[in-house]
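> Have a look at this one.
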Amino acid sequence: MSDSLGTQVTSTPVQTAASPPGRLLQLWKEIKRHKVSYFLLAPFLILFFFFTIVPIFMSIGLSFTYYNILEKPRFIGLSNYRLLFVDDDIFLKAVGTTLKFAFITGPVGYIMAFLLAWLISQIPVKYRFFYTLCFYTPSITSAVAMSVVWLYLFAGDRKGLINYYAMKLGLFDEPYLFLQNVHSIVPVIIIVSLWMSMGVGFLAFLAGLQNVPKDLYEAGAIDGVRYRWQELLYITVPSVKPQLLFGAVLQVVSSLTVFDVSIQLVGLPSPLYAGHTILTHLFDYAFIKFEMGYASAIAVVLFIMMIGLNRIIFKLLGRD
Amino acid sequence: MHGIVKGRRVDWSGIFLYVFLTGFGLLMLLPLVYMASTSLKPVSELFLFPPRFLVDHPTLMNFRDLLLITGTSFVPFSRYIFNSIVVSGLIVAGGIVISAMAAFPLAKHNMPFRGAIFNMVVLSLMFSPMVLQIPQYLLISRSGLMNHYLALILPYLAAPVGMFLMTQFLRQIPDALLEAARIDGASEWKVLWSVIMPMLKPAIATFALFSFIQAWNDPYPAMVYTTKEDMKTLPLAIQTISGGAGVIARVGTFAAASFLMIIPTIAVFVITQRLVLQTMAHSGLKE
């Protein structure tokens, strides 16, 4: 991983050629010379070590065991993974739902966030704040708090707002059970997630777009750029590429970790597991069934999916 | 952008742009408007048929009920608010100090392993901390921190996003300022507090916004790390008022509580937004 991300960081002078013991000694001297730096880093690194690094290895270790918290973990090799991919139909269904969800909300939310940020950057600065607030606010609301609105909007009787208006307009003959029907559960979760998707990435795009140098556009006009879409494609997008990559990384993570919205709207377990995602499966096994070994295997699979997908994104977008 | 595509068409596309943005923006706000109006509805309007979007006779009864009804139950509602404020406040304040201390050497010192540490932080942006719930839970419960404020705070102090933004922001600050302070005999510790911290203000505001929203809205730390009612935080308490997932009970009170919960996050954004956009300009990732 480090090789692909490392270009931003200048190499340290220690790496000059020398005999191995001399090099180590020099490294040690260098470390001692910078002890203030390490001292400043220490609180962050200690917390990061205990709550991020150690848990990663613990998860991997536990995924090879049977562990129910009461008894000691018992090593069972790859059984958890075999169970997960061969016998656990609900898990496979959850993977399907998660991917279906991720491949829709991921790209749609991402493109929507970028286009809205671009449109906002086209208007004078003094009006921008109002629109930024309109699009960003949904993402800072909590899924728990908003459930009062969604449960009412999508309610399955004639008192639900959508059902009421749809019936009034003659679209439905009878109320549609949005939150109980297995066909509408995933679409409803997707709509709600898209509503909440203009978050940190959106702000990054907005900030990046504000800082594209003006003379680039002037130079583009001289070079024959005539239309706004040409400007967007040939000047704007390349200039905000770093922000695009940052936004993409966050989007991958958030679209694979759909959890809150599903639990709040359709519950755990959802009707026929239609809204079941990898993360709800993980939560189910970890904190309801207390099968920590099995749940750790689920966590490891999700972890690998996220890192893997982000590697691909880096390969696609990261090139200059 | 101005100057380039000015022609006869620009007026139309300009008008269309405003109409589209305003329409779509208001559409995005509708659910929030509905929540606010429901929280003001008297009981007689809550279950009307046909359903009403807006309130006819606004009343503050739901807010009073929220404090009264939950006040007579065994834990007063104000306790949840207090817990949430303490936990989010400490996560934000602690996170700022810890991240700023770490971002300074990562951006400005040239020590060994600097690249490796920074790459580690970037790598941790690529997965959600939610996959680490199980070992974190085991660590907390084994160390006897269950039902303690520390359990709700410690795992969230070292936030990679905030640290990443601060480091990126510091990188574009010229070294000359630091050198001037060092020549005057200031120690690195002094440089951090008297030079770096004031310049880091936009990044600090951004960090505060993101970590506040995260800490304020997340019901899971309280759900997993606490078993006592009086240690629960606002989002978890609201879930309890609603009667659990998928159930609408006490709609008015629930809407009032939800409304109260969303107000602080919007306020923090309005206060910090200018500084946030300054910081996010430096959020880029490069290969």
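Cβ from N, Cα, C; glycine included.
TrEMBL lists these features:
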- B:12-34: transmembrane segment (TRANSMEM)
- B:80-104: transmembrane segment (TRANSMEM)
- B:81-272: domain 'ABC transmembrane type-1' (DOMAIN)
- B:116-137: transmembrane segment (TRANSMEM)
- B:149-170: transmembrane segment (TRANSMEM)
- B:191-213: transmembrane segment (TRANSMEM)
- B:254-277: transmembrane segment (TRANSMEM)
> Could you tell me whether the transmembrane segment (B:12-34) and the transmembrane segment (B:149-170) have 3+ CB pairs under 8 A, leaving out pairs under 6 positions apart?
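Not in contact, no.
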> Go through the chain and flag residues at least 6 beyond the ends of the transmembrane segment (B:12-34) whose CB is under 8 A from any CB in it; none is fine as an answer.
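Tertiary neighbours of the transmembrane segment (B:12-34) are 53-54, 262.
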> Do any residues of this chain, six or more beyond the ends of the transmembrane segment (B:254-277), have a C-beta under 8 angstroms from a C-beta of it, and if so which?
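For the transmembrane segment (B:254-277), the far contacts come to 32, 35-36, 38-39, 41, 62-63, 65-66, 77, 201-202, 205-206, 208-209, 212-213, 216-217, 234-235, 237-238, 241-242, 248.
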